[in-house]
Amino acid sequence: MMAEAGAGGPRLAELLALGRRLWDELEASTEPSSGAPAVQDKVRQGLDALQRATAMVAQLELFSENEELEEIASADLKFMLLPALLGGLTLKQVDLSRRREHLESAREHFLRFLKLCRNYGLGSFQLPPGSAGEEKTESPQDPAQPNLVAMAMSRAAKIERYKQKKELENKLASMRSSVESGTADEDQIREFYILQIQKWISTSLEEIESIDQELVILRSRDAPRQAPAGPRGPSRPARTPVKPFILTRDAAQARVFGAGYPGLPTMTVDDWYEQRRKQGIVSQQGFGKPGSPPCPSLPAGASDEELQKQQQETEEKEDDEEALRKARSWDDWKDTHPRGYGNRHNMG
């Protein structure tokens, strides 16, 4: 393995070193915006270098599922970080129109790194939910209980990873100078790279959890846009709005109600029927007030004036008959009820 990596030339190591250096510069950058041209230019350069290095590692077959960690040369361990660094740089892209694509791509890089580490027995961790090869635990307890247990285990795992990450960072800081200066022996170099891998395991688990939360939000936001339009029935023709009005019995009432309700137009019953007749809603024959019988004495082709005159005479006749009936009833009541009837207590 060592010979093959060396045969690949220093170029492979140089590509990894370039990508790692650009990553460190981006992490320590003081640019106010991650979308600044200088920042995004470094992101593109780093991604290009790491992708080329990944292709060379795959061509050289540096890592295999059939070998143990001890079989990997110490100088080759650092190339295991390529997928993790690719995931980290992918997340630093700021094109909002491709945000979901970048999140899914970064998740794949982190997941590939975690699977590689687990294959070599580096770190004790479980793959994120929904990943191929994820361990599934079943419990015969109450359905609500496994969720609580899983939440408690997840919280404890996060706390433990945070503590380990801080310890790893302190160790790496103390060992970095000797490794980079070339004064460290092979055991120290091997330990240094393994510590870096373990640190990135914690980072990858945290990033995947964050990615999954953001993907849920993006998918729920994009769902209404992608939903197919359902079958729709024939659209109904729009109705012409009817203006409000006060229906009065005659012109006198129209003047009274019009004075009291200046905001509403008024019309008489005759005007209302005439309007409906012109619109073809009611026929001229049988034209009259609602509830009143048609005028049999007029021919079908009678004019509007004749119809109105006949209607007025009918109304006057009805009014006279009603007044006569009330007068007769009042006379009958006075005959049987003398003046002062019922006022028995007011003797004065």
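Positions of Cβ are set from backbone N, Cα and C atoms, glycine also.
What TrEMBL says about this one:
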type     : residues : note
COMPBIAS : 225-241  : compositional bias 'Low complexity'
COMPBIAS : 323-338  : compositional bias 'Basic and acidic residues'
REGION   : 222-241  : region 'Disordered'
REGION   : 283-348  : region 'Disordered'
Residues of the same chain, at least six outside the compositional bias 'Basic and acidic residues' (323-338), with any C-beta under 8 angstroms of its C-beta?
none
Using DSSP, what's the helix, strand and coil tally for the compositional bias 'Basic and acidic residues' (323-338)?
14 helix, 0 strand, 2 coil
